[in-house]
Every structure is written in C-alpha cells, then in structure tokens.
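Colleague: The following block contains the structure, expressed as structure tokens.
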C-alpha cells in the first residue's frame, strides 16, 4: 500500500486531540465563556479576534479569516505538510496509523533517529571535547557568538575515521546511519567509516526544529571539498528545504516577507544581528518546492540579498525563472562590492541591513539591468544576445498573465513591441536586423514560430497517472516529479496538484502537452491497483534513464583521466558521484520492482 492515511484514522486524531491544549502551546489563550480567545498568530493585531471553539473542534479569526481544525493549525503554524501534521499529532496521541506500517515510513523513522543521534554527537564534540577547540576558534572568527552557535545547533565532526561510527555501533544503529548517509561502507566491504570528518557541522532542520541533514565546513585538513552536504534521503529533499526556516518562521509570518541568501553562515550572521526572517538555499537552485515552503510560512514577498559583483548578478538571472514561474513578488538588494551578507551584517548591524533591504528594487529591474544595461540605447545585436540569455528564464514561466506581463516589461526596456519580443523569444532563429533602424520588422509575412516540441511519452504517462489519481504522488518516493524534463508537463503537474484538478490542468496546457497527456490517459488502466503498478513502473523507467544518462556523462568526462594520483578535485567528485548513482540505481530497481502479478505499464514509450 502507498502512504495514504485512512480517513477514519484522521478522524480519530481530530476527535482525540485537545485543540485548546495544542494551540495554547503557541498562543496565549484566555477563557471567554465556552470559547477561548487570543491575538491571532497569523496576522498582527492588538485586540483579540482569534477564537478556539473546543466543542466544535475548530478555530476562527474574525480579522484575517483564518480557520480550521487541529491538523490545519499544525500545517499553518508549524509549516508542515498535511501528512506530516497528521503523523505528528497521531504520534503524540498514540494513534496507530496504518500507513506507519509501510516500509518506507519505518525507514524514514530510522533515519530521523539516526540524524538526532548524529546532531547530539557533533554538538558534544564541539562543546565538551578538547578536539573541538579549533572548530570553536573558527566559529568565533566568523563572528558567530556561542549563543547563536547553540541556537542553531552547530557541532564538530573530528578528523577520526570512526568517531560517529563507533557511537552508532554501540547503539546498534549502523544500518540506520548508513541509510541516512552519515556513515559509508568501506571499499573492502568490512565495516563503516564516518562521512563527515574534520568539519564544523551545521544542522539543516525541518520547520519544526528537528535535524534532517547536515552541512559541513572543512577545517584544518586539506583533503576533500571545502563544503560537504548530506546526501538526500527519505527525510531530506534539498529542493524542498530552506536552511534556517525553523528559526525564521515566526518572523516571516509576522513580516509576511523572507530574506533569501545563498550560504548557511550568511543566514547565521543575519540572525545574529536581529534580521530573523532570513533563510538560505541548501546548495541548490530555487525550486517550486521552496516556494511552497515559503507560501506555508505566509511569505508574500521574497527579498534576495546578494553579492554586488558579477556572481550576484548571475544569481539574479538564475533565480528569476523559478520566482517568475511562481508569480512571486520579489525584490533584489545588492551588497557593496567585496561584501557578503555575513560580513556586511557584522559591520553595519541590523540597522544597516534593514536599510539595504528597504531600498531593494523589483526583481525584473535588476534582471533587465544585468542582461541589457544600455536598455533602449543598446544595439540590435546586444538586444538579441540579451534575449538569448532570457530564453531559459521565460521557458520556466507558464503561458498566462505573468508571462504576458513579462513580455511587456521586456518590450519597454528594449524599446520594442511585446509581440516582437514574444516572437523573438519563441524562435530559435534570430530576427533579421532591419535596414533602417533598431526595431525588428513587423511584416505580417514573418514566418510563424516553430511548433512546440512534443513532450516525452513516458513523462506524459507519469503526469496522466497523477491526474487520474493525485494520491499517487505519495508513492513517488524518489521525487521523479523533479526529473521531468518538459516544462509544460511540470507546469501541468503543478497546476493539478495545487488543487485545480485535471480539467483545469489540461485547459491551461499547450496543445502539444494536452495531446500527450490525453493519449496517456486513454491508455492508462482505470482500476486503482493496476494504475498504481503502472505508475511505479513509469517512475522506475524515468529514474533509471536519468541515472544512466548521468553515468554516461561521467564515464566520458573521466575516461581520459591520467593515473589515480593525478586526479583533479572535479574528477574525484565525479567518481564519488558515480558510486552514489550506482547505489541509487540499485535502490530504484529493488524498491520499484514490478508487482508479482505481472502488471506492467500500459506501454513502454521511447
């Protein structure tokens, strides 16, 4: 069975939970007749308008209209998903969820416990052992106080090969630690060794504060990458995790805004001076998953705090696609040359940072300034080059109002017409330069843009299966949804899973995407069991293909490598990645094995 919690179990949780007790942990409730009242935790107010009605098991705010039951309160206040909110409440109440018997859920719990043990081990190594002296000195040199270091749970992984391994061996948890990526099997196959060594450890926490992964900064050793992060697991998906969200959630909700930086220590430095609505990416680009996390924290605006050099401008370009695709309100604050958020915060303090944030400019203004500094005065060739760089950004924005507005803004900056901008961006062939001026020709005989490339059939089957049965997404334990290569399919999937349904998803899609999905829907089985079997087979095939493509690339990139002692750092990392990919492929083939009944996908698309 998939990870689907039976309805009667959810109802049991709602009936048994003490709603007043639950909410009073986070809100100062006062008795008011049969009800309880307080100032609303979801918006700022001076006069209480938030009421809890225990008899009816719901809460309601007369001010912002927030309302719901115990599960929705945990979701909204703690930033949890629906499934996690139900699980946490059930665990507290002792309700045995049938879904908890699923092997994937047992593994998730084992990884949680192993990660908790590792966090405690690293913390003790930093503060209670002489070995942690160099790490404490490094942390102090970064301007991080002991108080901040303790609040964020910083730790130390010593240089020894088996410091953490021995702890897990004594606890009988080595297998769990291996699943969490905290220890690795020796090449000889005999025993394990620590994944993190000689590193200042920064726990990456879920919104409720529990560690789910780690980032490690190399100290006092010259072997290995400067920064090393936990691999992804059933517990940790870097595309859906923002560092510091556990510390910043309340401030984000209060301000309705979040500050985004790209480094853990940047976020630490901002929090230390009082800018407590800052979060950081976990060594990945911004994704739709991150936007959902921010949405659950009620961030209506995102401010990018970036270096003022070429790297910062490149980051604006890189982050624009996901932000525009999500229709987010975003602004950009660029730091003075030579500063990063951490050093600037230490020198200027909260007041200086807040002043910089207040002066942040709209995202598109910075994007256009980066792509085409001269604006309308730029040459035709410069404008076409800027449009080429803009194509990947526009490709992430779905057809609709946001995309049309983007075309208009580009046209204004370029001094062109919106229709000409759209035609140039859709066409792979640059528009011809006009003889008499900078504006591109507007002849009605201009060739129509090429037809959209048809989406891959296998990916159409994946999206079609989810449209038929949205709960199948819970069976996507390998995050195949993140591997979809066709943006139109990704947008259709996002539209459907955000509550709009299959019909709306198809209505909003292009003709090519619509045809592909409709063809898949006709061929997919209708019955739940065969449909689930087909879905798992599709997931398996997509994952294996993606892994094989990457393995081929790594083979080509490393086959010309000289002797083992002459390996570059890049080659070493590729070889490590190859080992991890082979292990992942083995897991995929084992865990997504076709059902014994012989049920297969409706077809094997190429």
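Note: Cβ is positioned from N, Cα and C throughout, glycine not excepted.
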Colleague: Suppose you had to name the range Swiss-Prot annotates as zinc finger; which of 15-39, 40-64 would you pick?
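Modeller: That would be 40-64, per the zinc finger entry in Swiss-Prot.
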Colleague: Looking at 383-405, 406-428, 429-451, which one does Swiss-Prot call region 'Disordered'?
Modeller: 429-451
Colleague: For residue 262 (Mg(2+) 1 binding site), what residues in its own chain, 6 or more apart in sequence, show a Cβ-Cβ distance under 8 Å?
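Modeller: Listed in sequence order, they are 280, 281, 306, 315.
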Colleague: Quick one, of the binding-site residues 307, 309, which Cβ has the fewest other Cβ within 10 Å?
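Modeller: Per-residue Cβ counts within 10 Å for the binding-site residues 307, 309 bottom out at 309.
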Colleague: Can you tell me which parts of the same chain pack against the zinc finger (40-64), counting only residues 6+ beyond its ends and a CB-CB cutoff under 8 A?
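Modeller: Same-chain contacts beyond the ends: 14-15, 17, 19-20, 23, 26-27, 29-30, 32, 34, 70, 73, 76-77, 253-254, 298.
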Colleague: Counting by DSSP, what is the helix, strand and coil composition of the domain 'Toprim' (256-349)?
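Modeller: So the counts come to 43 helix, 21 strand, 30 coil.
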Colleague: List the helix, strand and coil residue totals of the zinc finger (40-64) as derived from DSSP.
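Modeller: Looking at the zinc finger (40-64) with DSSP, the answer is 0 helix, 8 strand, 17 coil.
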